Amino acid sequence: MFEVKRKEIMQVQGLELTDIAEEFGTPLFVYDGEKIVQQINKLKNGFSGAPTRIKYAVKALTNVSILKLMKSQGIGVDAVSIEEIKLCMHAGYEPSEIMYTPNCVGFDEIKEAVELGAMINLDNLPMLEKFGQAYGGKVPVAIRINPRIMAGGNSKISVGHIHSKFGIPTSQLPEVIQIAEKYGMVINGLHVHTGSDILDAEVFLRGANVLFQEAPKFPDLKFIDFGGGFKIAYREDDPSTDMERVGREVTAAFNEFCKSYGHQLELWLEPGKFLVSEAGTLLVETNVVKETPEIAFVGVNSGLNHLIRPMFYDAYHEVINISGQSKEKKPYNVVGYICETDTLAADRKLEEVKEGDILAFKNAGAYSFSMASNYNSRLRPAEVLVWKGKANLIRKKEEFADLLKNQVILDI
Ligand code: LLP
């Protein structure tokens, strides 16, 4: 058992993480393509009871090779910016497979997305009005509804409550209908996304019920989009969303609703974390072990610039000393090299750490590289995708020249 677990931690598709670190250097993001495919299949199986379309929320991890992997598995995409749309197209997506769900962008960007041919999902009345004026019934549009549900792993990622900036409150739907009638618009989808890290099937059902209640007011629907937000395990003993149960219950309720609606609709989902979080590992190297009378620090060649989740959300990422030799474990604070208190992992029991040891941060697939920055003028790491048993470089490490690339240097 211990051996199996150890292999799971230390290897990706039979390749040793320490060898990958040696070949490509650290810091390094490593993704397991097989794990992504497994997660896709879990979702497909869970929701097999209805005509389901999965739209991967690309903000979680936007590397074009990852997008190509998604496409190879028959997965569509959800984009939140014009740049994400263009990256998806670069990966070979047809615009018609791209759902564009922006928030607070200008109308020019929405127009550009329409011109590119993406599907559009709007979440406020002023943009809906502009959309109607510009396109009338020529371009269908979906509506993001605020379900008035407080749910999610922490307040920053709970976005379905009534004080959230996202979605149109149900109390404003009469105005939506007025605008749609005024311009002869076609509302082809309803959308809800309640938050991230949601465990309970009940929350997804509540969100679904809000849409089922409002949907009869919209006769031209083709799909109902239940968003993403499925919880995955960050700690070893964390529960994750029971996809079989959520799938079974949501598809049953959905099919029942479709009977009363009059025709079969498509059920859409927009998972980010669920598909890529567990597939990713951030490998870092120990620069210094600093033992004070109070505490033992492990200082690594990375920091909040590469993994901001612990600082931003108090998120927990499991850490393993994959170079560890001793069976005995000691408590450490793993900290970054940034000139701020970037504690990546506090009070963790690790196999004794020595300078040069490689540490692995788990769950670094989602919202890790995609939220990385150049703070402290540090460079963003390389990314590697293990696909069909081979480790492939899918992004080079940044170079010093990248820091200067867009600077216009005055002659002072
Ligand atoms: N759909 C919409 C409209 C969203 O805003 C999001 C995430 C998703 C789908 C995908 O949610 P997921 O399945 O990944 O939970 N950076 C945070 C998470 C922010 C999520 C933002 N929106 C984190 O690292 O926890």
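Each Cβ is built from the backbone N, Cα and C atoms, and glycine gets one as well.
Please treat TrEMBL annotations as automatic predictions, because they have not gone through curation.
These figures come from a predicted structure and were not determined experimentally.
The following features are taken from TrEMBL:
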{"type": "BINDING", "residues": "Gly229, Tyr367", "note": "pyridoxal 5'-phosphate binding site"}
{"type": "BINDING", "residues": "Arg309, Tyr313, Glu340, Tyr367", "note": "substrate binding site"}
{"type": "DOMAIN", "residues": "30-365", "note": "domain 'Orn/DAP/Arg decarboxylase 2 C-terminal'"}
{"type": "DOMAIN", "residues": "35-277", "note": "domain 'Orn/DAP/Arg decarboxylase 2 N-terminal'"}
{"type": "MOD_RES", "residues": "Lys59", "note": "N6-(pyridoxal phosphate)lysine"}
For the binding-site residues Tyr313, Tyr367, the largest set of other C-beta atoms within 10 Å encircles the C-beta of Tyr367
Taking Lys59 (N6-(pyridoxal phosphate)lysine) as the reference, which of Gly229, Arg309, Tyr313, Tyr367 (the binding-site residues) have a CA within 10 A of its CA?
-> Tyr367
Sorry to bug you, but what's the C-alpha spacing from Arg309 (substrate binding site) to Tyr367 (pyridoxal 5'-phosphate binding site), rounded to the closest Å?
-> 8
Binding-site residues Gly229, Arg309, Glu340, Tyr367: those with Cβ under 6 Å from an atom of ligand 1 are Gly229, Arg309, Tyr367
Taking only the CA atoms, the spacing between Gly229 (pyridoxal 5'-phosphate binding site) and Tyr313 (substrate binding site), expressed in whole angstrom, is 15
Looking only at DSSP and grouping its letters into three states, which state does Arg309 (substrate binding site) belong to?
-> helix
What average pLDDT does the predicted model assign to the domain 'Orn/DAP/Arg decarboxylase 2 C-terminal' (30-365)?
-> 95
